[in-house]
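Feature annotations, courtesy of TrEMBL:
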type	residues	note
ACT_SITE	65	active site, proton donor
BINDING	52, 53, 54, 55, 56, 57, 58	substrate binding site
BINDING	63, 96, 99	Zn(2+) binding site
DOMAIN	11-138	domain 'CMP/dCMP-type deaminase'
Ligand code: THU
């Protein structure tokens, strides 16, 4: 990880991972029983969590990462420092394709994604590694309406 804007202190990583792991308890996953928790650290120092929320109509369910990033964005955050994602599986699961694209909207190629399984060990990957050759806001030819 080269960019200092994405360098976490040991304390930040400890809080981030603890909140992602704790967020698994909030998952609504009666169908898959596969709990996923997520936590984002904003550049302003806030922690925003999410968990997967399933639905009786299966495709309607939402992943933890999109719940977390959606919550962060509607809370007014667009600048993020890191995300942690926690599952109960070893090795840790990594984000689905739809979540990679969703996160790509708000993150740079060197943005760090920390993935936790059942313990405190993690796998660390950048967005560039998870979604190479991505299509993002800079590739969008149309005019973007400014955010409020
Ligand atoms: N899930 C996530 O929350 N994040 C991912 O990146 C992969 C999958 C959820 C969706 C569904 O509720 C359950 O895990 C099983 O696929």
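Just so you know, the numbers here start at 1 and follow the chain as drawn.
Cβ coordinates come from backbone N, Cα and C, glycine included.
TrEMBL: automatically predicted annotations, no manual curation.
Remember, predicted model here, so these are calculated numbers, not experimental data.
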* To do: Filter the binding-site residues 53, 55, 56, 58 down to those with CB closer than 6 A to an atom of ligand 1; keep them in sequence order.
  => none
* Take the C-alpha atoms of residue 96 (Zn(2+) binding site) and residue 53 (substrate binding site) and report the distance between them in angstrom, rounded. => 15
* Close binding-site residues near the residue listed as 'active site, proton donor', where close means Cα within 10 Å, chosen from 52, 54, 57, 99 -> 52, 99
* Residue, out of the binding-site residues 53, 56, 63, 99, whose Cβ gathers the largest set of other Cβ atoms within 10 Å -> 99
* Asked: Any idea what the model's mean pLDDT is for the domain 'CMP/dCMP-type deaminase' (11-138)?
  -> 97
* **Using Cα positions only, nearest of the binding-site residues to residue 99 (Zn(2+) binding site) (52, 53, 54, 55, 58)** => 52
